[in-house]
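Below is one structure; the comments refer to it alone.
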């Protein structure tokens, strides 16, 4: 089962960071030219994933410009009010060095929507539900910016998130292009190191930071799994039976998040 999942998610047990950088930058540049879009739009949180995706995109658009085409990276900060780790986000922006920086505070949109929802439902929605609203509003903003500039939205999904379904459906799971697809969390760190990222970016504790009640809750706490174990599972390395079962069950239970909407012709859900 482990091998089948890894193959489905395009995970390699070993990578050459420099080769992966070259391959993924070329992919971004080639697809941008093919699509005839004006560039890429990416939300920047301050974490490892958006920093890596952002830097790859910036190198790609510069490559496209070097051969005479217009191309821009719009990097967007999308805080909910005052972000606890705002300094990390600014460090990530400096590392990415995007062509254009934008900022949009989603707090008023989130709060107003939730007030109206609570009134309509007659009860207060959960903090988890509210967190998913934040993720989806962030994607609404990114697609609005992309539509304004005729650009493409970049997602940061990678293998460790994909296998666990650790993303918001139609939130951060929505995108036009996924340059980190197939990478484990540790492989992403290796690419950041090869790109010259500072230690604070590479070693930053991963957090979705969507919950009001538990700000900056580490991903590993929320998942109940360590990324090193998820990576080992994906790379075909030995892990305990309990970990194998936990990851496999999460993979199965979140399959709907990795599939298009179900139709009368869909059969995967019956298996």
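Cβ coordinates come from backbone N, Cα and C, glycine included.
Here Swiss-Prot has 43, 44, 45, 46, 47, 48, 49, 50, 156, 207 binding ATP, and the candidate from 134, 185, 237 in that same listed site is 185. Among the candidates 119, 130, 136, the residue that Swiss-Prot names alongside 169, 176, 256, 257 for the deamido-NAD(+) site is 136. Geometry remark: residue 43 (ATP binding site) versus residue 161 (Mg(2+) binding site), CA distance 17 Å. Looking at the residues that bind ATP per the record, 43, 44, 45, 46, 47, 48, 49, 50, 156, 185, 207, the two CA atoms farthest apart are separated by 19 Å. Neighbour list (residue 256 (deamido-NAD(+) binding site), Cβ cut-off 8 Å, at least 6 residues apart, same chain): 169, 262, 269. For residue 176 (deamido-NAD(+) binding site), the nearest neighbour among the listed binding-site residues (49, 156, 161), judged by C-alpha distance, is 156. Under the DSSP three-state reduction, residue 257 (deamido-NAD(+) binding site) is assigned to helix.
All protein chains considered, the CB of residue 161 (Mg(2+) binding site) has 23 other CB atoms within 10 Å.
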